């Protein structure tokens, strides 16, 4: 079995593949203070619930935007799986030209998503990943990664509002019944939700005009399903895009 791990700033997503099939996947909180042993305890319990033991894991591939957590995961793999993981970063074979001024600056998750999306759809794409930050990445019809945009995530935007406007109550980020709200809670929700929908549509439309292209727009990430249905620009939602990208990169790099 192949263990794939995507370490994000807020959450870490873990997947277990049997061949090409994603058999299990879990989402846990990313904690920079956790040691490799602590992550191993969490993973052991998740595997136990699935009826899987560490000795069934044949290989591991990891993408991470959190260096301390990457070190902990690498320690976990060496100690409990018995091998060092493949790590998405400089030197890994992506099969995708990175047309960025400095390719080393591109987040591992952005490249993984781009690889997975192009492998599946084989056409020009914009990949929108709703995470701690929301990223917009353009891949042309030749499968070349051009770059994109990074915006504050929806939850970061909400937290900033609540932190700076002390009289406003903290509310759940959700789709409100109306844009013209009749109470403070719904007013906040309307501003956050529809404001973010407008941000997504606005950036995608500008990318289309700038590239003079009509790419397929694919959304992924924790909040993709919340936002995508209300936008006018997102065509597909693929919640496991990053995990699938890790599987593809593993196949391109294994000995």
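Including glycine, each Cβ sits where the backbone N, Cα and C put it.
Some features that Swiss-Prot has for this protein:
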- 109: active site, proton acceptor (ACT_SITE)
- 6, 7, 8, 9, 10, 11, 12, 13, 132: ATP binding site (BINDING)
- 100, 107, 108, 109, 110, 184: substrate binding site (BINDING)
- 129: K(+) binding site (BINDING)
For residue 184 (substrate binding site), which of the three DSSP-derived states applies: helix, strand, or coil?
helix
What is the separation, in Å, between the Cα atoms of residue 110 (substrate binding site) and residue 10 (ATP binding site)?
16
Near the Cβ of residue 107 (substrate binding site), how many other Cβ atoms are there if near means within 10 Å?
19
Spatially, which candidate from the recorded positions 107, 109, 129, 184 is nearest to residue 8 (ATP binding site), comparing Cα atoms?
109
Compare the Cα of residue 6 (ATP binding site) against each of the recorded positions 100, 107, 109, 184 and report the nearest.
109
Hey, what's the widest CA-to-CA gap across 100, 107, 108, 109, 110, 184, the substrate contacts in the record, in Å?
43
For residue 108 (substrate binding site), the number of other Cβ atoms found within 10 Å of its own Cβ:
22
Report the residues of the chain - excluding 6, 7, 8, 9, 10, 11, 12, 13, 132 - with C-beta within 8 Å of the mean position of the site's C-beta atoms, for the recorded ATP site, in sequence order.
30, 65, 66, 131
Measuring Cα to Cα, how many angstrom lie between residue 100 (substrate binding site) and the residue listed as 'active site, proton acceptor'?
15
How big is the Cα-to-Cα gap, in Å, between the residue listed as 'K(+) binding site' and the residue listed as 'active site, proton acceptor'?
9
Just to verify a number: CA distance, residue 10 (ATP binding site) to the residue listed as 'active site, proton acceptor', in angstrom, no decimals.
13
To the nearest Å, how far is the Cα of residue 12 (ATP binding site) from the Cα of residue 184 (substrate binding site)?
33
Got a sec? Which of these binding-site residues, 10, 12, 184, has the most Cβ atoms within 10 Å?
12
DSSP three-state assignment (helix, strand or coil) for residue 110 (substrate binding site):
helix
